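Student: One structure is given below, represented as structure tokens, and several questions about it will come after.
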Amino acid sequence: MADLILALDLLDPMYAREVAESCAASLDAIKLGYPLILSAGLGVVKDLADLGLPLIADFKVADIPNTNGLIANQVFSAGFDAIICHGFTGRDAVEACVDAAHAYGGECFVVAEMSHPGALSFFSRGVAEQIATLAVECRADGIIAPATRPERIRALRSVVRSRKIYSPGIGTQGGDLRSVLPLVEGVIVGRTIYGAADPAKEAAVMAAIVNDERSS
Ligand code: O7M
């Protein structure tokens, strides 16, 4: 049972709102990150809240525990429902994000391995497994693992077991939606939806595939 999560990496807040609104019926959550927040400001969170979808803050938080906690508190005060942090910073830094998330009744996801080719420089050789283990030990709600490498999702599943795996890299980065869906609790899709000639139609096509997988 995977969720369809839109990565709303657009710079124009008006257009971002238009895309989010037109796709909303097909989506389970929206992920907002630096591109939109830096161009539109944090107020965009409140602007999108009326769509009724969970909003995930993708700042890939990666600082010392005190700073991580300050960032996470700002994120949840702004109205987000979940936060994404890096795990290579270590136990205390990850715990600061998880604790803040849970204090607000929100969720925290830890990046275990990234989807782009360059990620192999550092995330291979067991590091991703160690980060996933840390995420579980820190009571994170789930991890991020690459749709571009389904075999790595399988390997990380054996570490995180029933915790959630959200997976970016579908479509534009080469990941295949149908192959990844049975492996994860959520797929994160950006350009394939918002860059389509008709984003709402593309989101509906993807949602139909997600629903097919849910009922199979
Ligand atoms: O579908 P795309 O390629 O246009 O966008 C993918 C989104 O997922 C985009 O917002 C990326 O920043 C994000 N992402 C990755 O593409 N790869 C990763 O390894 C991790 C993320 C991510 O969401 O991390 C939390």
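Every residue number used here counts from 1 along the chain in the order it is shown.
Positions of Cβ are set from backbone N, Cα and C atoms, glycine also.
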Student: According to TrEMBL, Lys31, Ser115, Gly190, Arg191 bind substrate; so which of Asp9, Asp92, Asp141, Asp212 is the extra one listed there?
Tutor: Asp9
Student: Of Asp9, Asp58, Asp63, Ser115, Gly190, which recorded positions come close to ligand 1, meaning Cβ under 6 Å from one of its atoms?
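Tutor: Close enough to ligand 1 are Asp9, Asp58, Ser115, Gly190.
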Student: Determine, for the substrate site, the additional residues of the same chain whose CB lies within 8 Å of the mean position of the CB atoms of Asp9, Lys31, Ser115, Gly190, Arg191; present them in sequence order.
Tutor: Ala7, Pro168, Thr172, Ile188, Val189
Student: What residue among the recorded positions Lys31, Lys60, Arg191 has the most other CB atoms lying within 10 A of its CB?
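Tutor: Result for the most crowded candidate: Lys31.
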Student: Rounded to a whole number, how many Å is the Cα of Arg191 (substrate binding site) away from the Cα of Lys60 (active site, for OMPdecase activity)?
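Tutor: If we compare the Cα positions of Arg191 (substrate binding site) and Lys60 (active site, for OMPdecase activity), the gap is 19 Å.
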